[in-house]
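Feature annotations, reproduced from TrEMBL:
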type	residues	note
COMPBIAS	352-363	compositional bias 'Basic residues'
DOMAIN	677-737	domain 'MIR'
DOMAIN	768-824	domain 'MIR'
REGION	348-374	region 'Disordered'
TRANSMEM	36-54	transmembrane segment
TRANSMEM	74-104	transmembrane segment
TRANSMEM	124-144	transmembrane segment
TRANSMEM	165-182	transmembrane segment
TRANSMEM	202-220	transmembrane segment
TRANSMEM	311-329	transmembrane segment
TRANSMEM	394-414	transmembrane segment
TRANSMEM	483-503	transmembrane segment
TRANSMEM	533-552	transmembrane segment
TRANSMEM	624-643	transmembrane segment
TRANSMEM	903-921	transmembrane segment
TRANSMEM	941-962	transmembrane segment
Amino acid sequence: MAVIAPLAGSFALIFGGCCSNVYCLEAIVKHEPDSGLLITLFQFVFTCLSTLHYQFDPRCRFFLKPSPVPFQKWCISAALFFTVNMMNNWAFAFNISVPVHIILRSFGSVTTMAAGWLRGKKYTPVQVFSVGVLTLGVMVSAAADAKSKGKTMDTSSIDLTSASFEMGLLILLVAQLLSAYMGAYVEDIYIEHGNHWKANLFYSHLLSLPLFANFSPVLYKQFSRLHASTPFQVPLALAKNLPTAANKALASTSQHVIFLTANAVTQLLCITGVNMLSASTSAVTVTVVLNIRKLVSFLLSIWLFDNQMSALMIFGAGMVFGAGALYGWETSYKIPQRCAWLKHTMSSPAGVRHRGPKDKKRPTTPNPETAKEKLNDVVEKAKREFKPNQGKEWDYKIAIAIFTVLAFVTRFYGISHPSQVVFDEVHFGKFASYYLQRTYFFDVHPPFGKLLFALAGWLVGYRGDFLFENIGDSYITNKVPYVAYRAMPATMGALTVPTVFMIMWESGYSLPACVTAAGLMLFDNAHIGQTRLILLDATLIFFMALSVLAYIRFYKLRHAPFGRKWWKWLLLTGVCLSCVISTKYVGAFTFFSIGVPVMIDLWDLMDINRRQGALSIQEFGKHFAARATGLIIVPFFLYLFWFQVHFSILTRSGPGDDFMTPEFQETLSDNIMTLQSVGIEYFDSITIKHKETKVYLHSHPDKYPLRYDDGRISSQGQQVTGYPHNDTNNHWQLLPTKELPSNEGQHANGARFNDTLFEIKVDNAKGGQDFKTMSSHFKLVHVPTKVAMWTHTTPLPDWAYKQAEINGNKNVQQTSNVWYVDDIPSLPVDSERNQKEPKKVKRLSFLRKYVELQRAMFYHNNALTSSHPYASFPVSWPFLLRGVSFWTHNDTRQQIYFLGNPIGWWLASSLLAVFAGIIGADQLALRRGLDALDDRTRSRLYNSTGFFFLTWAAHYVPFYIMGRQLFLHHYLPAHLASALVTGALIEFIFCIEPMEPEASPPPSSSGNVKGHRRTLSRPVRERVATQSLLGSWIATIVVLAAVFWCFLFFAPLTYGKPGLSVDQVNSRKWLAYDLHFAK
């Protein structure tokens, strides 16, 4: 009975509270159908106030009892709770019908069971079957209820390929997955910290309240409409027993406000029961009970409000109750009975002696060396486990909190200045507007970073009316929410600083080393300046740092493979890597920097003499497959996912059409090519336009000169050039190769007929395909020489009136050879060919669109070779020889000049050289038989610091072989890695560690055996406790003081204010930086 009592109480609260809640809910919804958000807020507030006494203690800090559960876990639980509720309601804003919503929301038990199975829980076939039947029953009952209320169940009108439907479906799926994870997460909290359901009830609602602040206007409107309803009518029988003041208060209050309060009270009872049940049973049991409760609420609603109960509803109710009973019978009776039987059969009868394990050896003479080694291991283990206050690392936590706050202050200070378009905001702000307008555009970068900017604009309700045409355009005048746009990269830039701190911390470095590395990032002017604007680099650097952090966490679990945390950090590494390369293609360098240590790790696993024991080929195959899945397959599919989102949003014709093939353009609505294309016939006079340069194929009576400037002799034929303007000399007649009538094409049948013969080769032509204007892209191939007609942007001399040169290209396949017919001037206006019928938008497979876009992106990215006044070479980046002018304002003499912190950059670059020198000196010393470093220090220097150095080199060296435009901001990822190297070397150089006697190797019958000495790896706090950190702290303080002064000195150039005088500008031209207003 003691076990049944809590369950009975929770059932009574769930069914009593939730079912009585139906009456109030129906009464409110019938008057104000859109009041769900207000109802939720009232329930949260009332639950907080009603459960406050569980946690209130005036003697404690903040008047709350110390929570046995870490506060961080309560925050995560509250965020999940609020997010799931909001996403389920948000899905209705998209093209999601009632049946789709019902089906997906009814799968709560299934997703919870799946989440439990993934976490290692086992379920019997009867439990799985009963959950499936119960889910189906809820779907049938809910569908019958929706039909009885007049809600349409027709899904034929849903466009399954529309972006709206895809987004709504994605939201519902994410909500279901989060709901399942939330149930498992709370269950784990109860298992680890005890059944503190009262604390969970209080904190999950209290911490969710601030999240309602963004919806305050909607909440106010909903409450105003409810408050305007008729006053509450107090029943006479009740009025006689109430005080006069209570009667007056009730009579003066709106009846729907009363219902709102009653709804909150009954919901409190229901939620209390749910928390009590979740503290006593599994997450699957909770969802099963809640599904049954939903059906009981349906039936109660039918009974109270005289709704009709159809046969389908009765059938669904029978399925739910039957499946619920079957699940309860299996869980509460059969499984405990089976466990008791197994326990009984496994117990041994009295008096029977047990045989020892088969592998147990007979006692042997103790080995004194082995006993001594075991004793040392026990002592070391005891020291680690009973180290006072070890593991709390409060100083690290305080430091990372301070750095996080300072990072947000430095990134968000004055973020609204300037209120004008700055530098490359002209590109990425425009792309965000195109996303919001669903207008197709082309860019050489993958879509992930730009989608984040579009998300920021969408969240604040912006429609993308401003297209960021020119640097200096006013945001205020055009009413652009530019602060919301800039807040996205600023947030990521701020979070990069604690991520760098975490990388050093997780790598086992001392606190001065962590502070040094994070401080170089915190006060770096380049990182601050780049992350305060609508640019992609903040996203790139943030996810690059997360990739390094996730891989380090994964590597630390290498001796416990295939566990839940091992998989988690492996997959997180892959996800972060995918986000890096989905922002910019230089993210491939991050793949390389992590791929190299992964390959080294796999190579070590192949070693049959590895210290942890040899792996079989099957075990090694599992390791290889897991890493290939987590670091290659998952990132690739996530990378493809962002392109699918890109194509789903951009469905309208736009400025990016010209970069794509006609087949691709026909998948866009409102496309000019689709709307205006006309079939071409022989003898039509046409105008031919070059696809890239947009010049017309032109010919005028003038002849080529007899001798060119370079001495070559010409044919003195009639000039054929490229002309950018429409002209009658652009008209060409399309003639067949057969004999023509005497009155047609007389000149074409002359003596040089074969010399002037061109073949029209239509790209991607299919049999029977029409040749049309605009939509048919083709190459003009000269038949005798097999070269393609081609033009370029360099103009001809004065004898050709500076028009474009038309020449032949031996490489026929190049895209610069493509032309198209722009118009048919000879076509009469009333021609039947001009009568256009409405055309449906065509569809291409995702892979075809992806491959085409990917090829165009790579081609145009490599074609970015034109000069730029602020372009620079990689050799100048580590030394910060020049910056980039982002923005100027003449009236106030203000300017934003992109420049790093010179002292920080020069220090980091110098220590990179020092690291290379240390490695070289150590190798030379080892060659000469000198061992200057102990094994632990050498291992850290080569493995950890060497990994940081590899990351720097991988993000810096490849730029030397690139032929495209390069700027200083391309060095920012490498600079982050150099900051990590700097922090590591601060510890290496200035930490004084006492020498420890090395343990002698165990005796061996075969004499001395070459190999690595095994050294015990100690936690960072224990290791640092034996060191003198005074030198490290002095070095850290000196470095950060110099870096902080330099940051303040160059801050006016970073933040764009205040304006500087001539002397002040000149004082900041340390390396002849090309600053404005220096005169």
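From the backbone N, Cα and C atoms, a Cβ is placed for every residue, glycine too.
Model confidence over the domain 'MIR' (768-824) stands at 85, taken as the mean pLDDT rounded to a whole number. The highest tally of CB pairs under 8 A with the transmembrane segment (483-503), across 202-220, 394-414, 533-552, 903-921, is held by 533-552. Among the recorded stretches 202-220, 533-552, 941-962, the one sharing the largest number of Cβ pairs closer than 8 Å with the transmembrane segment (903-921) is 941-962. Tertiary proximity for the transmembrane segment (202-220) is limited to same-chain residues at least six positions away from its ends with a CB under 8 Å from its CB atoms, namely 37-38, 41, 44-45, 47-48, 51-52, 54-55, 67, 74-75, 77-79, 81-82.
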